[in-house]
Amino acid sequence: MGLKVLSALDVAKTQYYHFKAIIIAGMGLFTDSYDLFCIPPIMRMIGRIYYPKFDKDVKEPKWFEVPDVIESTMIGVALMGAVIGQIVFGRLGDRVGRRHVYGVSLILMVMGSIGCGFSLTTLTPLVFVSLGFFRFLLGMGIGGDYPLSATIMSEFANKRTRGAFIAGVFSMQGFGILLSSLVTITVCTIFKAVANNLQTPLMELQASKTSAEVPPVSDLAWRIILMIGAIPASMTYYWRMKMPETARFTALVEKNTLQAAKDMEKVMNVSLSQIREDIDTMDTPNTRAAFSNTYGFFSREFFRRHGRDLVAASTNWFLLDIVFYSLNLFQHHTFKHHMKQKNEMNLYEDALQVAKYQAIVAACATIPGYFATVYLIDYVGRVKIQAMGFLFMAASLFTIAKVNKGDWESDATAGFMILYGLTFFFSNFGPNTTTFIVPAELFPARFRATCHGISGAVGKVGAIIGTVGFLWASRDPPNGLGVSDSLRVMGGVCILGFFVTYFFTRETMGRSLEENENVDELTGVYFVRFWPNKLWAKRSQQTPAS
């Protein structure tokens, strides 16, 4: 590009503001995972409170459960909100600036989290209508945060450690999952301790009764858990509003290089005299070409240059989320053999055991996977980590499907649990993190947030298909595919993700964002990633001989 301010960003040493930006941007992802993944134990509590009736002719594990159609709706509306939020806020981020809409997405998350706890009534239908509405609002804020956080971090980072910084932002998702479990455990423990003479359903379920009594105050517990999710998001609102616009947006989209230099001077350890552009620097063929390059979004030229990258990023994210959200939101089914039946405990103990196993998986597999990515991504590369992650996920899922001898109530051996944990480890030390990183590095500044939002929205569509489909398909035959078949299907999805990654995804490691925009001339002719490179190398070897 020849712009001093961008060159200075690419070679800037790691400093305080980089870590500050990771925390500020990461809190959105933290809140995202907290609110999305606290739902499994909350659904257990809601089932006990609003569906207390039971039928002696129905198996005990099916007692006090929220109907599948309602549970899938509660999960689906948040993800559908995220789809809309990613598209809308991604486009707004490119049109009016990243920082101008960054606070709006955060406000939606705070409002959605608080609103989820304040349903209008305790009547069962209205509770779910209110919860569904505010979870949709929450999902829109969560969706908007994805493209904005990724774009802001990529445009502030240097090219040497950019992958680690963006991965650091995304790793906050793991801590959000862990905190949601710990908060659930804490709240349920407190409510259980202060409840006077709280009886277990086993003692309450007399032959003459058709429903289990629950303490009226228990309806407050799940609301508190949801509203606590607003705290981390609201804590960073002030700092988000104080962040300057990214230098790349100001210089390349608004074409105000002087303001870009001034903004960078405020946050980076660099003087204005070093990065202020002069006439000679600006008047170069590369710079003039960049500023005069005005092809439109979704134009023929856009698709020639970036169509393959957008399709690859979207497809990888779609395939990953089919598997990732299914495994996360329903992981408690894996531990059913080790969990007490509902008629042997009260509602707080029921939610506690789900949250406990969720915390174990997060601490032992999910968070270590994020750490491995942060440490290795700028040495190994995005494509290799993503392809490896898909491949190992597939291997783990196929092996689990082979080992599993029945339904979710079957005895989960130590080997089964280790393989299940490895699936989570390699999803995070793999495509779950890299699908967030790559779209923030491939596209021009004026389309970056939009393309990231589109990729993420397609991914969330995959999450809807995966979670709702898994909920219905994993039921015992003949009603569904059964556990082993569901796991095999997810393994096949991971294999498809490996091939899409290997053949179509472009490596972005070690280059500036502006270099990643430029593609080989042959990209418009050959769609598969490695063919142009091999063909170009072959032609280069033949040239001297001729």
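For all residues, glycine too, the Cβ spot is worked out from N, Cα and C.
Per TrEMBL, the features are:
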- 21-509: domain 'Major facilitator superfamily (MFS) profile' (DOMAIN)
- 21-43: transmembrane segment (TRANSMEM)
- 69-89: transmembrane segment (TRANSMEM)
- 101-120: transmembrane segment (TRANSMEM)
- 126-144: transmembrane segment (TRANSMEM)
- 165-195: transmembrane segment (TRANSMEM)
- 220-239: transmembrane segment (TRANSMEM)
- 310-330: transmembrane segment (TRANSMEM)
- 357-376: transmembrane segment (TRANSMEM)
- 383-401: transmembrane segment (TRANSMEM)
- 413-430: transmembrane segment (TRANSMEM)
- 451-474: transmembrane segment (TRANSMEM)
- 486-504: transmembrane segment (TRANSMEM)
Maximum Cβ pairs under 8 Å to the transmembrane segment (126-144) - stretch from the list 21-43, 101-120, 165-195, 413-430, 451-474: 101-120
Cβ contacts the transmembrane segment (413-430)/the transmembrane segment (451-474), at least three under 8 Å, sequence gap 6 or more: no
Spatial neighbours of the transmembrane segment (165-195) far in sequence, C-beta under 8 Å, 6+ residues away: 18, 21-22, 25-27, 29-35, 37-38, 41-42, 149-150, 153-154, 156-157, 215, 217-218, 220-221, 224-225, 228-229, 232, 328, 346, 348-349, 351-352, 355-356, 358-359, 362-363, 366-367, 369-371, 373-374, 377, 428, 433, 436-437, 440-441
Long-range environment of the transmembrane segment (69-89) - Cβ separation under 8 angstroms, sequence gap at least 6: 35-36, 39, 43, 101, 104-105, 108, 128, 131-133, 135-148, 325, 329, 449, 452-454, 456-457, 460-461, 463-464, 467-468, 471-472
For the domain 'Major facilitator superfamily (MFS) profile' (21-509), the mean pLDDT of the predicted model: 83
Leading stretch by Cβ pairs under 8 Å, where the reference is the transmembrane segment (310-330) and the options are 101-120, 357-376, 383-401, 451-474, 486-504: 451-474
Touch test for the transmembrane segment (451-474) and the transmembrane segment (383-401), at least 3 Cβ pairs under 8 Å: no
